[in-house]
Amino acid sequence: MDLSMKKFAVRRFFSVYLRRKSRSKSSSLSRLEEEGVVKEIDISHHVKEGFEKADPSQFELLKVLGQGSYGKVFLVRKVKGSDAGQLYAMKVLKKATLKVRDRVRSKMERDILAEVNHPFIVKLHYAFQTEGKLYLILDFLRGGDLFTRLSKEVMFTEEDVKFYLAELALALDHLHSLGIIYRDLKPENILLDEEGHIKITDFGLSKEAIDHDKRAYSFCGTIEYMAPEVVNRRGHTQSADWWSFGVLMFEMLTGSLPFQGKDRKETMALILKAKLGMPQFLSGEAQSLLRALFKRNPCNRLGAGIDGVEEIKRHPFFVTIDWNTLYRKEIKPPFKPAVGRPEDTFHFDPEFTARTPTDSPGVPPSANAHHLFRGFSFVASSLIQEPSQQDLHKVPVHPIVQQLHGNNIHFTDGYEIKEDIGVGSYSVCKRCVHKATDTEYAVKIIDKSKRDPSEEIEILLRYGQHPNIITLKDVYDDGKFVYLVMELMRGGELLDRILRQRYFSEREASDVLCTITKTMDYLHSQGVVHRDLKPSNILYRDESGSPESIRVCDFGFAKQLRAGNGLLMTPCYTANFVAPEVLKRQGYDAACDIWSLGILLYTMLAGFTPFANGPDDTPEEILARIGSGKYALSGGNWDSISDAAKDVVSKMLHVDPHQRLTAMQVLKHPWVVNREYLSPNQLSRQDVHLVKGAMAATYFALNRTPQAPRLEPVLSSNLAQRRGMKRLTSTRL
């Protein structure tokens, strides 16, 4: 990272620290200049005749996602109706604590959400009320918000930013076409779904029914994102959203806000008069777009003209975007959040999710509470229509997933621990039984004082949906140990099964190698290296012994490629943002994975290991053989094995990692491509204990060699810990 990027990264640390610290303090004031004094909330009905309204009894509370003076946001599961089993976010507002300002915000949010229908805007499914409370049932977005990702990774690549801004531009244009000014654009209000697409939320500060000729005058939003015309209260239109769009772009690209003083007064002065310092590490197209958005005269701002969003879409920064494909969500997001099962809440603040979800009865503000909030009930039209089986996504009822951050439920409350399966230097693996369902799992118990499990958990959550990667079910943290609950591998270790198998041929060896190499190619393409791909970490899911049941396990030493600033890199953008030595190390680690697969393939074919004769070989002897790159490819089984097999083995075990095959090259090798023509004849094998002992000796010798310094997760740094406070709050005057 060059000096200018480091400067912005440091500014980002303190920026995030300050805004997180301020999140707990409510600085919102209200002077409803546009709306006047509101005595009654009048919201027209949107419920179609003949369809049953929703009520609180139809929702099972699972977790608390957020909480404020207004009420709570819960993760809930619908337990009745055609969408039973579906997960939602339920926003609960207490009528008695809603001031006039809050009632207007609730009215505005509910009205707008009921009106809009867009792929990049959060959807309102139900709205209803009881005597004391208002309920909004919304999409549950498992990926958390953009602020969480930005605060962890400091800044994004231009390709990442281009994707997020493009989806956001379509969402804002849709709101503007309905006469709505959003007015609170910031990373906290941009959510990510499980695939990584955005959805904007929180319409409490939005202004409805504004056309291009009418202006709004409220002083509202989040100071750092306010347009100059909002700050000086001379009236604003939809153009104010494009200024905020520019602030968000600047923040994502640099990790810093463009205008931020030591207090609100200084920040407002900077917005009105300060000259923007343009970071020179940004591309010319990015700088051009920022300058076009940061026009203090809103009439000159990009997006404010008669063509609206088309001006932005035509800008050279977005030249690679196919807008129709983007709208259909056919462009793959640059970042996929680490999510596991549907009810996982890893990306939500553990301060809230650790709380017991309870919805206490609300006290009505007055005897005419229902009159004040009349017409609040709503049912989405998509729920009124008879859903097809394809549209209905029934979520099975699972126990609540416990977060890495810990809570008041201990692992043994839900599971019964059984015998050991395996023991490592920093963890032990045991069989366990889920008490409620009597289902068997494996639990990996990690000593936190010896190893930080964060990287392993993130990788398993992000990539564990692959059919040949072990699936993570639950995560518990009791402060001293972390418990990773995973599917139980009933088929045992790959090498055990192969060596004990009565018949095992060259053709079967190619099938096995193909399955594992496809898995590694997938991981390597995502910037993930396993780094501990020994045969004992490759197991069968069941007793079938089929290649499809193979699982790659134990990601304790795995790493995800990251830039120097901690940014999790996606495959397309590494060249410009990752230091050469990091790329070199990543390539070396990937080559080590292939070398380990070469060891496995050699053993499957020859019936013995290439560099160790038995468990009594010393580490020095084994390392000397590995260093020389000499091993037998003649005699024994090798005399009946194809030349293609010998070729792929030699290229996977090449002593120079730069000349070793990649995973993709292995998959394209004729021995793998044409495996149906390979010999089905049985291969001879040595004693299983002798081979396993030699394999263990090989990896023991390798593990004795000096290791590169272990990099701690970004969030464990002192600077990152100082950031972990609170977020910016919105203001309305």
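The count begins at 1 with the first shown residue.
Backbone N, Cα and C atoms are what each Cβ position is placed from, and that goes for glycine too.
Per Swiss-Prot, these features apply:
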{"type": "DOMAIN", "residues": "59-318", "note": "domain 'Protein kinase 1'"}
{"type": "BINDING", "residues": "65-73, K91, 421-429, K444", "note": "ATP binding site"}
{"type": "ACT_SITE", "residues": "D184", "note": "active site, proton acceptor"}
{"type": "MOD_RES", "residues": "S218", "note": "phosphoserine"}
{"type": "DOMAIN", "residues": "319-388", "note": "domain 'AGC-kinase C-terminal'"}
{"type": "MOD_RES", "residues": "S377", "note": "phosphoserine"}
{"type": "DOMAIN", "residues": "415-672", "note": "domain 'Protein kinase 2'"}
{"type": "ACT_SITE", "residues": "D532", "note": "active site, proton acceptor"}
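For C429 (ATP binding site), applying a Cβ distance below 8 Å and a minimum sequence separation of six or more within one chain yields D420, I421, G422, V423, A442, V443, K444, I445. Other C-beta atoms found within 10 angstroms of the C-beta of L65 (ATP binding site) number 22, with every protein chain shown included. If you take the C-beta of K91 (ATP binding site) and look for same-chain residues 6 or more apart in sequence within under 8 angstroms, you find G71, K72, V73, Y135, L136, I137, L138.
Of the candidate recorded positions, D184, S218, D532, the one lying closest to Y426 (ATP binding site) when CA atoms are compared is D532. Cα to Cα, S218 (phosphoserine) and D532 (active site, proton acceptor) are separated by 59 Å. If you take the Cα of D184 (active site, proton acceptor) and the Cα of L65 (ATP binding site), they are about 20 angstrom apart, rounded to a whole number.
Other Cβ atoms within 10 Å of the Cβ of Y426 (ATP binding site), summed over all protein chains shown, number 13. Taking Cβ-Cβ distances under 8 Å and a sequence separation of 6 or more, the neighbours of D532 (active site, proton acceptor) in its chain are D554, G556, F557, A558. Counting neighbouring Cβ atoms within 10 Å of each of the recorded positions (G71, D184, S218, V423), the lowest count belongs to V423. According to DSSP, D184 (active site, proton acceptor) is assigned to coil rather than to any helix or strand.
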